[in-house]
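Everything on this sheet refers to the single structure shown next.
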Amino acid sequence: MQRMSANGSVTSLQLGSVAGAEKPDVHLLPCEIEHDGPAEVTRYFTAALKDRKHEKSVSFRGRGLKGQEVSCPHGYTGLVLRENHKPTSDQEDRTVRVSSVFHRFTYWNLDTPPTSDDGVVMAMAWPEIAEAIHGLVDD
Amino acid sequence: MDLSDFEANNSVSCRLSSAIPDVCKTEDCCLGIDEAGRGPVLGPMVYGICYCPVSKKDDLKDLKVADSKTLTEAERENLFHKLDEAKSFVGWALQILSPNTISNSMLQRAKYNLNALSHDAAIGLVQYALDCGVQLKEVFVDTVGPAEKYQEKLSQRFPGVEVTVRPKADSLFPIVSAASICAKVARDHAVKSWRFVEDLGDVDTDYGSGYPNDPKTKSWLLKYLDPVFGYPQFVRFSWSTAQSLLDSKAVPVYWDDDEEDGEKAAARMNCASMLSYFSRGKAQSSAREPHRFFTERRLQSLDTL
């Protein structure tokens, strides 16, 4: 159980479910979809995805996307969190649980293939940099 | 007509062609260009060329090719069969632009409109004939846009070839009628035997003509609308019919190149709108702005969910 607090309320994260959590494919799209819930990903997206010559491509809403697989930083696990009861005020304590875990995800760009200069790809190097900056220095 | 090359990957554009008749490499030839399926919201748009020696124009006329739109599907099939039988002097080539290609092109960041797409398909096919050694002297083109500008563009692109762009060329020049028959037969086959890349099970193929004003097409579009993904790739997302159905019945999707204004956009973009200066909200924390290293990587330190 992990906790964080803000505004006097406590948010608890139930990690007990990590081991048995589902490991679905995770896709990060270059757009904001105003929807939070189930979607026919396998039927419309995964089925139409082309993976040729190291280039992944697919379309979403008619727009062409190019993708690349990105791994989570070494030693890290991606978590998808779910909150069963939305709090009614910011004073209320909250509980979120792990609904699924991932170790890699597919990062998609509009029109052009992702490169190592893209923010999301570069972000994955941060834990290693942080370790180098903040870690103990051997004499 | 064998469409298996296109059917193997109907997400992209595909070229199909007949063998080049030997006589077309030695004698002066004429070539016709026409398109099929420009208007429909469903299925591919097909560009077709047909060519033969100038000396064989009358033989082509004897095949009684006519504007494909005035013919029934069976008549078109029959005429395509006749063109195939005349393969000793008639050749053809097609560029099938998949609906996904059309959507992707028209909706890409640097918009690529249907006219430019059409012109490039036509130019690509003429260049293909030249590359194959066809001795082109005359080109006849059917057009929906302004004929003069298009004629000038093609004449400049292909010096030494006499280009005639004319509205309704498909009913004036038999070689254009022949091209229109090839294109229309391919479009008919592609639509009829469309293999959906999406995993939709048995799809109702009663989609009518594919034209936006066809009631069957309209009800098909309503039936196959998914609130998140919108439509299968068979639908041209860039058509206003598809767009307005999605606007009213699917969940909103925002892209970084959307043209939107007003307070909602400002709120979404996480910047202050003008109006926010009139109402004083919670005091912003005076903490330091994070370093560019973190903003560029969209890394934020998290203390609440």
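The backbone N, Cα and C atoms fix where each Cβ goes, and this holds for glycine too.
Here TrEMBL flags B:ASP34, B:GLU35, B:ASP142 as divalent metal cation binding site. Secondary structure at B:ASP142 (divalent metal cation binding site), as computed by DSSP, is strand.
The feature domain 'RNase H type-2' is assigned by TrEMBL to B:28-251.
All chains included, 24 other C-beta atoms sit within 10 angstroms of the C-beta of B:GLU35 (divalent metal cation binding site). Considering only the binding-site residues B:ASP34, B:ASP142, the Cβ with the fewest other Cβ atoms within 10 Å is that of B:ASP142.
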